[in-house]
Amino acid sequence: MKILIEGYNKSIHKRDNQILIMEKEGELEKINIKKIDDITIIGKGSITFDALRLISENNVRLMSIDYFGKINYTLEYPSNENIFLRKQQYKTSENHKGLIIAREMIMSKMINQKSTIKTLNKNKKLENVKIFERNINEAIKQIGSLRFGERTDIEKSKMKMMGIEGSASVDYWLAVNELLPKEIGFFSRNNRHPNDITNASLNYAYAILASEVNKALVINGLDSYCGFLHFDRQKRTSLTFDLMEEFRQQLVDKVVFSLVNTKQISNDDLDKRNNSISLDVRKLIIGRVLDKVNSNINYEGENLSYAQIIDKQAKKIVNYLINGEKYTGFSLRW
């Protein structure tokens, strides 16, 4: 079970073997710790030492996200398992094998980008959007043609891939600009200081996705701070951002674009003083993203939820690192 605690003045307590969620003096919910897989906190509140201990001892992942989509902190139970896996991960992140998995992740992202704008343009049939789509298709071919070996310059190759990915993303967001209603005021992607509801909603929803991806990586014994594509930075969960690339369009972009196109969200839902999203819309976004995460599709011959697919992709990373099995990214043609 995933617990998501949103809003102000909420607190987390321990009562026997239960987690108790309270607001001011009132009890909102109590859940047996054995039923909880992870807890995501979005907002301001407090948690008792006893609750922290109970959460940690039962290996429940705890993550805090601010209203702008930034991960504040995570809590994980200390483990000395999977040392060999971690060593392989660190080694691979610094050689050509890491580039191979990064290439697959980028290619999957671009396939999903192409599929998303193709779906959005199905009825509109805008010619300039078709040009952007063709540009992304060329970028997919460029990425797919890259080959890496033991003598490959890691930094240069990574920069080249990110350059191709960056160009494809420019085309993707230009296409999105053409496809969304003009009155919504979306002109370009802004992940730092969004002043429109579309960008703010994307940032917020990506944070929810980050929580899901981070959970899958940790469960499978991987170090979320050691990535293959994104450069390692202090306090940045690089591998989380790597794997997120495969799921951004299907789990976040399509959800937010649908809310915009059906006028369920507008710029009136954005507080212009600090560019934060209203409480009702935050709850709406959380609900829609989690509904999508828990929805099922047919993937590689199995009927799986997106949450299960994220876990499956994390396991593919493990099998690539330990057994040398080929890694294939997640993408859909629609």
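Just so you know, glycine gets a Cβ as well, placed from its N, Cα and C.
Listed in Swiss-Prot:
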BINDING   E165, H230, E245  Mn(2+) binding site
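Sequence features annotated in Swiss-Prot and their locations in the structure.
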{"residue": "E165", "record": "Mn(2+) binding site", "Cβ contacts under 8 Å, 6 or more apart": "I106, K109, M110, A139, I143"}
{"residue": "H230", "record": "Mn(2+) binding site", "Cβ contacts under 8 Å, 6 or more apart": "R236, S238, F241, D242"}
{"residue": "E245", "record": "Mn(2+) binding site", "Cβ contacts under 8 Å, 6 or more apart": "M105, I106, S108, K109, L229"}
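Taking the centre of the Cβ atoms of E165, H230, E245 as the Mn(2+) site, the nearby residues of that chain (Cβ within 8 Å, site residues left out) are A102, M105, I106, K109, M162, L229, F241, D242.
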